[in-house]
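Participant: Not my notes, these are from TrEMBL:
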- 1-13: compositional bias 'Basic and acidic residues' (COMPBIAS)
- 663-779: domain 'STAS' (DOMAIN)
- 1-53: region 'Disordered' (REGION)
- 75-101: region 'Disordered' (REGION)
- 116-169: region 'Disordered' (REGION)
- 198-223: transmembrane segment (TRANSMEM)
- 235-258: transmembrane segment (TRANSMEM)
- 291-316: transmembrane segment (TRANSMEM)
- 328-346: transmembrane segment (TRANSMEM)
- 366-386: transmembrane segment (TRANSMEM)
- 398-421: transmembrane segment (TRANSMEM)
- 456-477: transmembrane segment (TRANSMEM)
- 497-518: transmembrane segment (TRANSMEM)
- 539-570: transmembrane segment (TRANSMEM)
- 590-622: transmembrane segment (TRANSMEM)
Amino acid sequence: MDARHPGDMEQHETSPLVETTSPKDGTSRTTPQDLPSRSYFSSHGNYDPQTGTRYSASIESIRAHSVALGDLQMSDDTTSRLDESRLSISRSPPITVESTGSSNLSLLLDQHNAQLNHRQQPPSQHRIKKTPTFDEESSPLLQVETARTTSTRYHSIDSSYSTTPHHHHQQDHIPVIKGKKLSSSFSWLDCIRQPISYIPAVILGLLLNLLDAISYGMITFPLNNPIFASFGPDGISMFFVSCIIAQLVYSCGGSIFAGGNGSMMIEVVPFLHIIAEQIVDYIGDTHKQEIIASTMVAFALSSIMTGLAFFLLGAFKLGSLIGFFPRHILVGTIGGVGWFLIATGIEVSGRLEENLTYTIPMMQKIFLDTHTLVLWATAFGAAVLLRTMQQRISNPLLVPAFFMVLPIVFYLVLAIAGLNVNDVRDQGWIFPLVESDLPFWHFYTNFDFAMVNWRAVAHTIPAMLALTFFGLLHVPINVPALGVSTNNDDVNVNRELIAHGMSNAISGLFGSIQNYLVYTNSLLFIRTGGDSRVAGIMLAGATAALWMVGPWIVGYIPVMVVGALIFHLGLDLLKEALFDTWHCVHYFEYLTICVIIFVMAVWGFVEGILVGIVMACIFFVVQNAQLSDAIRSTHTGAELRSTVRRLYRQQKFLKYVGSQIQVVKLQGYLFFGTINQVERAIRDMLDQRAWDRNPIRFLVLDLQLVQGIDFSAAEAFVRIRRLLKARDVYMVLCNIGRDSDQAKALMKAGVWVDDEDHEDDTNSDLKCFESLNDALEWCENILLEACTTYLAAKGAPLPIKDSATQNSDDTHIDMVYEASPRRRMVSHALREILPADAPTSPAHNTHANLTQPTLLMIQALSELTHQDVPFEFYHKLGTYFKKETLAGGEAIWHEGDPSDCLIVVENGTLRSLMHVGNGENRVVETILAGTVVGELGLFTSSQRRTRSVYAERNSVIWKLTRESFERMLSTDPALANQFIMLSLHFSSERLDIMTRFAFQLH
């Protein structure tokens, strides 16, 4: 009945910009939704595993949208060229949000008024078209018409578009705001009418408080304990005090919800029972007054402690901190409370004289004793009947109406049967009579500080802490949900926490118990007209009047009414924990929920929460170890290259031997559960079979996406380094800051020794670089050194594959050098890429006799094509270039400069920089000798440079200006055409490298 958590009602709260939708049944009829009792998971939209999920738009509809837009633009261009001379009326440009300073709403209102004016004007001779239609699921949110002349072909499309539901929604439901004279004079009549209008909501809120008091307040104390057997009326009075204080705090400005309802925190009742039982066990049954006084003080202190925790969280703005607590533990605890309420319902309804225990004598008492069975089964049957009725009747007033009618039916049955009320009371069907002279404030007489056993109170502090911890978890659920349901976007959880802190602390100072903002009671109160602070204060006053009436009414309440209320809430909480979560949580989480409920039912609530936390930690580790992929992707050096612009021959060599570079991109938090994936993957790379297929020389570990490394993972890096060193493989770490937590973890484990004296030690098997590009460049340089080493070792012309003229000495050198798989790969690559005119061939001797820039043109362009190009081509091409000498740091061009030249680097190094914002320039590319730069801008006549190019050191370049290029095009077009084709070969290779590096494509 007392719905404290958000539920299905939230599905009816829709945004003003979205069409209202509601759940459908099998016959496509709108299924009415009732206020849930407590369901938290129902607020997630009642997930049905049979229906599955749906994307916002299919790829077909998106593609159709794009095609239609393209066709429209093509049609507009054609039509405008054909009809421009015939148009005699002026056309205004399409209305867009960007072209005006108005909002979407203002545009829609202006559009609506324009349509009204257009309907009053005579029809025009020109066809006016709208935006073409698209699939409804991909239609934009705001469809603004445009008055553009178009062909008949698109006019037919527009007629179908105007029939879409969204289009009608915008055209037919645009509000037209008319001027209205508002009266500013004060009216005393309104001061009378407004409170009168709140009376229905106040009556409903009062009825809800009464039912809650009868069910929850009655069981505040463990009534099956003889010491507290008569404390049911005192519990009701304490409930009213807590409710009144919470209502006043929230309604007087503490909460942003003007009509928010405060009430007792029912979920803490099991903890209150634990506190009372601990005090009884500590003091002993013989000291009744000492037990009562200590229990009352402990209850009040627990409320003050809860209020202090709420207040501190809100004052320090830590409201979001509670959201980090695993929600399924909270759900399991709610299920445990549900089981506790069912057990309490059996105790109260069955009039048991002791706590319900899971023993054979107790089970015999509950199920084999006919009188006891009839007592609690009647109340349980009433609760089941109510839940059955809720399946068919979806009215939020059903529950209060049911419990108002139930006692009337009970006494009507007694009258028809002619039974005596006192006899029925003696049999346990009605609560015992309360002393007529018992005042409403009687529970205050139980406070006797002289009789308090402070050691016993201190003994209950762990239970108080558990109570406080569990109480804190509800506010971050109820408050945002109530904000959504009431369309309140200004909800501040920290403010609500402060309000809860004040209400609980004041309640404790007044000797009462915990309270909080009740979701469903508040929503019912607001929707029946109580959305006002005046209405909330009126409810507090009416509740105070009900409290002052006195507890005599308890002696006339049927036990089955209270039992049915308790059973109803208990069944609802169990449903929320066990049924509503069936398809919503992982099976590990569901198992945790079940275990929490079982432990709470058998051993206790504190034990259940502790077991739930331990299981959540264990399953978190297991799930992350199984489902979290520590390896984001793997690449080879042939796939992922550095952005260094090298000679075409070097690029081709690296393409053959790049597989010796293995890049492993790691991600997430590396801990003992996930590092095993990395270690196992590296062991697989070093396995003999994998090694024979692809021997590696460098293992690059990219840590850019790694969030942290624990000690176990750092130790695993030590083992990985030993494995790589045994295979003579470099371990290369990149994207790791020297002062980062990851670097510190590796240093503490001894993986990375931060020694600047050995920073450039080439003999070290571990290398660390700032970026992945730096690491790849270093690895490529080492591989290119192997080419030089190979040629130096041979000291003779490199034999061409399939050559039968190789001498015996060369064969011996090849056998010595190719002793390892990695060197065989290098040797094979050199045979593939080097032409017949190797360094000592006659062709090379011819090159040596040439001068610059002819020799430079041959080095840069001769290997870009397989065709034989005569030397005269390079010599003639060189006549169009002009030599320039650059000093280190000198700019060749800046970003945004005109694209008026290209350059070929003779010697030195250039850097290409791109501005990335905040005044920072990032190195995009390193340009080495023998390469061409700026060719695309010159060939395509691009207006501006997109990057800046600087000389990193003293360099010599050869420049082809736009004037020289245009002269080449006019005087020798064949030469220009062949030069363009050769240069584009190089550009294509660079584009592929840059694309793979940018998007890390496999």
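Positions of Cβ are set from backbone N, Cα and C atoms, glycine also.
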Participant: Going through 235-258, 291-316, 366-386, 590-622 one by one, which has the most CB pairs that fall under 8 Å from the transmembrane segment (456-477)?
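Facilitator: The listed stretch sharing the most Cβ pairs with the transmembrane segment (456-477) is 291-316.
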Participant: Quick one: find which recorded stretch in 198-223, 235-258, 291-316, 366-386, 539-570 has the most Cβ pairs under 8 Å with the transmembrane segment (497-518).
Facilitator: 291-316
Participant: For the transmembrane segment (235-258), find every same-chain residue at least 6 residues outside the stretch whose CB is under 8 Å from a CB in it, and list them.
Facilitator: 209, 212-214, 216-221, 264, 299, 303, 440-443, 482-483, 486, 488, 490-492, 495-496, 498-499, 502-503, 506-507, 510-517, 522, 526, 531-533, 535-537, 539-540, 543-544, 546-547, 551, 554
Participant: With contact taken as 3 or more Cβ pairs under 8 angstroms (pairs 6 or more apart in sequence), are the transmembrane segment (366-386) and the transmembrane segment (590-622) in contact?
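Facilitator: They are not in contact.
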Participant: Relative to the transmembrane segment (328-346), which of 198-223, 291-316, 398-421, 539-570 accounts for the most Cβ pairs at distances under 8 Å?
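Facilitator: That would be 539-570.
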Participant: Please tell me whether the transmembrane segment (198-223) and the transmembrane segment (539-570) touch - that is, whether there are at least 3 C-beta pairs under 8 Å between them, with each pair 6 or more apart in sequence.
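Facilitator: Between the transmembrane segment (539-570) and the transmembrane segment (198-223), which are separate recorded stretches, there is contact, as judged by 3 or more close Cβ pairs.
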Participant: Under an 8 Å Cβ to Cβ limit, what residues of the same chain, 6 or more beyond the ends of the transmembrane segment (291-316), are close to it?
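Facilitator: 221, 227-228, 238, 242, 268, 271-272, 275-276, 279-280, 283, 285, 322, 443, 446-454, 456-457, 460, 464-465, 467-468, 471-472, 475, 493-509, 511-514.
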Participant: For the domain 'STAS' (663-779), what does DSSP give as the number of helix, strand and coil residues?
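Facilitator: Per-class counts: 53 helix, 29 strand, 35 coil.
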Participant: With Cβ-Cβ distances below 8 Å as the criterion, list the same-chain residues six or more beyond the ends of the transmembrane segment (539-570) that contact it, or say none.
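Facilitator: Residues 1-2, 37-38, 201-202, 205-206, 209-211, 214-215, 218-219, 232-234, 236-237, 240-241, 243-244, 247-248, 251, 261, 266, 337-342, 344-345, 348-349, 351, 375-376, 378-380, 382-384, 386-387, 399, 403, 406-407, 410-411, 425, 428-434, 436, 438-440, 442, 525, 530.
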Participant: Using Cβ atoms and a strict cutoff of less than 8 Å, what residues sit near the transmembrane segment (590-622) while being 6 or more residues removed from its termini?
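Facilitator: Beyond its ends, the transmembrane segment (590-622) has Cβ neighbours at 270-271, 274, 326, 328-329, 331-333, 335-336, 338-340, 343, 358, 462-463, 466, 469-470, 574, 577-578, 581-582, 673.
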Participant: Over the domain 'STAS' (663-779), what does the predicted model average in pLDDT?
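Facilitator: Mean pLDDT, the domain 'STAS' (663-779): 87.
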